[in-house]
Ligand SMILES: Nc1nc2c(ncn2[C@@H]2O[C@H](COP(=O)(O)OP(=O)(O)OP(=O)(O)O)[C@@H](O)[C@H]2O)c(=O)[nH]1
Ligand SMILES: [Ca+2]
């Protein structure tokens, strides 16, 4: 028998086949591995919101490898500190730090131990501490020192405790709302932020650059993801819901009588209040009336229209030196766009069922709530804290007045306000924006996007493997056919 013409032919075919199979297996394996979700690694950050009425601890979490992507940071855990805000411990400053311990222990359990030392921890104090600083700088320092001592002893990367400014509080609330609703990358159509606390209230919205020229103290500019934002912001100290109630009580007790008949509280409501509890706040600039005794009886008469008049008197609408003002001579450009209203705006409006109705219907509902007798209110809501229940007529009337007469929302623009508590599972408030800023997690310029999204890359790889496999199959087949036909000829 004669040997084949080319003795290497068969070996070459086998060699190519093996090589081809190895290449295909490698490609498919890469594609499959690429598509398998990697085990997520998370990083953490902690912010303590030391508000006037209480302190809250927020733990945030984000995927370690995607720090600069918008919408990646989420609220993982929330802990409400028992007791009042830290400014209330001015007479026993040690207690201020001590009050935080339980929530700190919870934080230790909620962040994986290996991440503790690299988890930044911040404390920001707001209006309660601003008022204490105005009253007594030394007591204010002692309270901050006390919380500092406790926070330094945690396993976290403590980054400082400070009183944030009203502008920061407003601007970071705006950043939070727009980050969570993923509006920052789009560059247009941001949402304004309305925050109502216990001692101050903030309004912040994006406006045109020329509108910000009138008042530098009300302007904050940001460059985020390649877009410039010109924000109008103002924080009204003393116009949070607890301090504004003191303003209303002080204004109604000027004569120093022993009984106050208050239209902003339900008929049948009655409690004894000391004059000092009202007049000791730095928000109250008038002196306790000379004729006044120790205290007075605070009695409700439940009349919404009269309550509006009480509320009107705590606003000053004269003396605007700018082209437009909100109230108390404060500059405010014309309102722009949608708004998210959170914290006490949400608590009060949600309870009163005023979050999704017209302004006119809300006024009617408000009038009905105020004129309901106190005994009936208590019966209707046995599980709601009495202090909150008693104040809803006043707080609701104040909120409606502030938004309309104060900030100039009208019946037509009322529906631009959304009353919100959370956005995508995270609380609306200044804390998230504050942390994103301090950890540089929002870049000024838009990050380069990969030329192909991940899924596209995987699809392309699989498709190429399949094509290669088919080509290999065809060429092997034709080689084999040629090889065997040669033998037959031989
Ligand atoms: N009705 C009602 N009121 C609440 C609730 N939680 C808090 N509040 C009150 O709502 C007001 C505002 O609360 P926060 O937004 O926590 O205020 P804060 O941060 O302590 O105060 P600032 O330092 O002024 O921001 C305070 O008077 C609280 O007592 C709630 O669940 N229901
Ligand atoms: Ca607050």
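Each Cβ is built from the backbone N, Cα and C atoms, and glycine gets one as well.
Automatic, uncurated: that is what TrEMBL annotation is.
According to TrEMBL, the feature transmembrane segment maps to 12-33 (among others).
Positions annotated as active site, proton acceptor by TrEMBL: 169. In the three-state DSSP classification, residue 169 (active site, proton acceptor) falls within a helix. When other Cβ atoms within 10 Å of the Cβ of residue 169 (active site, proton acceptor) are tallied across all protein chains shown, the result is 29.
What TrEMBL lists as ATP binding site is 198, 199, 200, 201, 202. Secondary structure at residue 202 (ATP binding site), as computed by DSSP, is strand.
What TrEMBL records for 457-480 (among others) is transmembrane segment.
Same-chain residues at least 6 positions away in sequence with a Cβ under 8 Å from that of residue 200 (ATP binding site) are, in sequence order, 52, 126, 127, 130, 166, 169, 235, 236, 237, 238, 239, 240, 243. Sitting within 8 Å of the Cβ centre of 198, 199, 200, 201, 202, and not among those site residues for ATP, are the Cβ atoms of 52, 126, 127, 195, 196, 197, 235, 236, 237, 239, 240, 241, 243. Neighbour density around each Cβ, counted as other Cβ atoms within 10 Å, peaks among the binding-site residues 201, 202 at 201. Same-chain residues at least 6 positions away in sequence with a Cβ under 8 Å from that of residue 198 (ATP binding site) are, in sequence order, 51, 52, 53, 85, 127, 128, 240, 241, 242, 243, 344.
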